[in-house]
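Straight from Swiss-Prot, the features:
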- 33-53: transmembrane segment (TRANSMEM)
- 77-98: transmembrane segment (TRANSMEM)
- HIS83, HIS182: heme b b562 binding site (BINDING)
- HIS97, HIS196: heme b b566 binding site (BINDING)
- 113-133: transmembrane segment (TRANSMEM)
- 178-198: transmembrane segment (TRANSMEM)
- HIS201: ubiquinone binding site (BINDING)
- 226-246: transmembrane segment (TRANSMEM)
- 288-308: transmembrane segment (TRANSMEM)
- 320-340: transmembrane segment (TRANSMEM)
- 347-367: transmembrane segment (TRANSMEM)
Amino acid sequence: MTNIRKTHPLIKIINHSFIDLPAPSNISAWWNFGSLLGICLIIQILTGLFLAMHYTSDTMTAFSSVTHICRDVNYGWLIRYMHANGASMFFICLFLHVGRGLYYGSYTYFETWNIGVILLFAVMATAFMGYVLPWGQMSFWGATVITNLLSAIPYIGTTLVEWIWGGFSVDKATLTRFFAFHFILPFIITALVMVHLLFLHETGSNNPSGLISDSDKIPFHPYYTIKDILGVLLLILILMILVLFSPDLLGDPDNYTPANPLNTPPHIKPEWYFLFAYAILRSIPNKLGGVLALVLSILILMLFPILHMSKQRSMMFRPLSQCMFWILVADLFTLTWIGGQPVEYPFIIIGQLASILYFMIILLILPTISLFENKLLKW
């Protein structure tokens, strides 16, 4: 009798994706982040579902309903902080996952890569709308500032902003629709994840050397299931330390003040994971220019397959490119720091220099160094 795992129409798909999947024998811990992102998504959907049972998307009661969840609902505080800090863990894993892709040249699987970039946009949109829901000061002013950026679009800008707001300012209609979108987007993300995996399994995984590994494959289970479980345990450990010991470490104190349209907070800033993009936005004095730079800072990831000039796929054997890659990482840390600082000297000029360097490294320096490395190796 044939194993049901290999014959059943539904179980067969799971088998080919997670059990009998041929995987390279040398993939490192950097390949754990895909499964960790899957776990993050599951945690976010489950905690979000339980929060939605008690949350009300009305300007008069939204803030109170979040307070009610934390005070009166059984383990409501735990669910709420797991959801808030789960988002931070999600973005840490996302950034590391993208960084891994850049370092090891995984972007040469361009369908998988492009869907990954679309996923990044979708997760960022979801996180932004989620931040608006508690209806604190930073929720309200963050929503006002970020949605207002669309007014920079010529001709249709103002109409578009009012259409998104559902009125002439961020109000009840805005909150209600943001809640609706925040609820539906994770399911769209889940569907996109399946497409992402579908394209990945067409080609098979990349590996640290960047070489074809068809001659040396091992089954995913038990080797990488065990390895992934270790990653998951570490993820949950870090998340729970964050949730139970310092749940507000990554949040903004201003969000514990109910939204007040008549009182602007001294420093409007988004959550930490958007600060690098926010710094790029602020570094350009022109509104439309800033918005374009903001979008391009993420969209530029789609250009990596075109900008790849090296004869080698991975950066494993390219020390000059490695050096530039880590300078890019340091630059992103600098941008994140600048995004959280007030708009004054010397932060303005540091932000502008870091923004220029970000685009310069990706568009000019990395491709040039790759060509130089080809010459060094007489290729």
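Cβ from N, Cα, C; glycine included.
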When distances run from the Cα of HIS83 (heme b b562 binding site) to each of the binding-site residues HIS97, HIS196, HIS201, the nearest one:
HIS97
Please indicate, using numbers and ranges, the residues of the same chain that are 6 or more beyond the transmembrane segment (178-198) and have a C-beta under 8 Å from a C-beta there.
17, 38, 41, 44-45, 48, 52, 55, 57, 112, 115-116, 118-119, 122-123, 125-126, 129-130, 132-133, 143
Measure from the CA atom of HIS201 (ubiquinone binding site) to the CA atom of HIS97 (heme b b566 binding site) and give the result in Å, rounded to a whole number.
17
Within 10 Å of its Cβ, which one of these binding-site residues (HIS182, HIS201) has the largest number of other Cβ atoms?
HIS182
Cα-to-Cα gap, the residue listed as 'ubiquinone binding site' vs HIS182 (heme b b562 binding site), nearest whole Å:
29
State the count of C-beta atoms found within 10 angstroms of the C-beta of HIS196 (heme b b566 binding site), not counting that atom itself.
21
Who are the chain neighbours of the transmembrane segment (77-98) in space, where the CB to CB distance is under 8 Å and they lie at least 6 residues beyond its ends?
30, 33-34, 36-37, 40-41, 43-44, 47-48, 50-51, 66, 69-71, 116, 120, 123, 127, 130, 235, 238-239, 242-243, 247, 250-251, 271-273, 301
